[in-house]
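Copied from Swiss-Prot, the annotated features are:
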BINDING   Gly75, Asp76, Leu77, Ile78, Arg97  substrate binding site
BINDING   Asp98  divalent metal cation binding site
Amino acid sequence: MLDLLPDLFDHYPSKLTLLPLAFRAFGGKRLFWGEVVTVKCFEDNSKVKEVLAQPGHGKVLIVDGGGSSRRALLGDLIAQSAMDNGWQGVIINGYVRDAARLSSFNLGVYALGAMPMKTEKLDQGQINVPIELGCVTVKPGMMVYVDENGIAISEESLNFAFLN
C-alpha cells in the first residue's frame, strides 16, 4: 500500500484536495496519514517545538513557514521529540536541516528543501489556525494523506475498506 493517493483519488475524487507545492521527502516514513494540527510561523520554530513536544498519536503537523529558505524549521532533535510523542509526520512549507539523520527516522517529514541554519527562538507564531499552502486552505482537524505521489487533504476521515 505504498501508492495510497492514486487509489484515494480514484475512489474519493470530490473529497480530496492535492497540495500544489513541490514538497520533498526527508523522513524515513513515506506513507502516513492523520489528523491535521497547524502552526504558522516565520523563521522561528518555537511553536513547532512546542507542539511536537506534546502527544500527537495519529496526528500530522503542517507548518506554514512562508516558504522561507533562510532558516530550517525542523532538525533531528525536534524530529526525535515528534517520534517520541507518537506523531505520524511533519509537513513544512519551509526547510529542514540534519537531512541525512532525518532519513533514518520512522517519521514522515516533507519540506521544500534542506539548509543547515537553525532559527532564532523568539516564541513567535500561531498554533491551530487556518493556513494557506499554494492557494489551498488547511484547517486544524482536517485529515491529511501522504505518499510518494503527493500530499492531499480532506475535510473528513476517509475509509480505506475498498482497498481490500
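Glycine residues also receive a Cβ, built from the backbone N, Cα and C atoms like all the rest.
Across Gly75, Asp76, Leu77, Ile78, Arg97, which the record gives as binding substrate, the greatest C-alpha separation is 11 Å. The binding-site residues Leu77, Ile78 differ in how many other CB atoms lie within 10 Å of their CB, and the one with the most is Ile78. Leu77 (substrate binding site) is 9 Å away from the residue listed as 'divalent metal cation binding site' when you measure Cα to Cα. The Cβ neighbour count for Arg97 (substrate binding site), using a 10 Å radius over every protein chain in view, is 21. The most densely surrounded of the binding-site residues Asp76, Asp98, judged by C-beta neighbours within 10 angstroms, is Asp98.
Using the Cβ center of Gly75, Asp76, Leu77, Ile78, Arg97 for substrate, the list of other same-chain residues with Cβ within 8 Å runs, in sequence order, Ala72, Leu74, Ala79, Gln80, Val96, Asp98, Arg101, Leu102, Lys118. Within 10 Å of the C-beta atom of Gly75 (substrate binding site) sit 20 other C-beta atoms, taking all shown protein chains into account.
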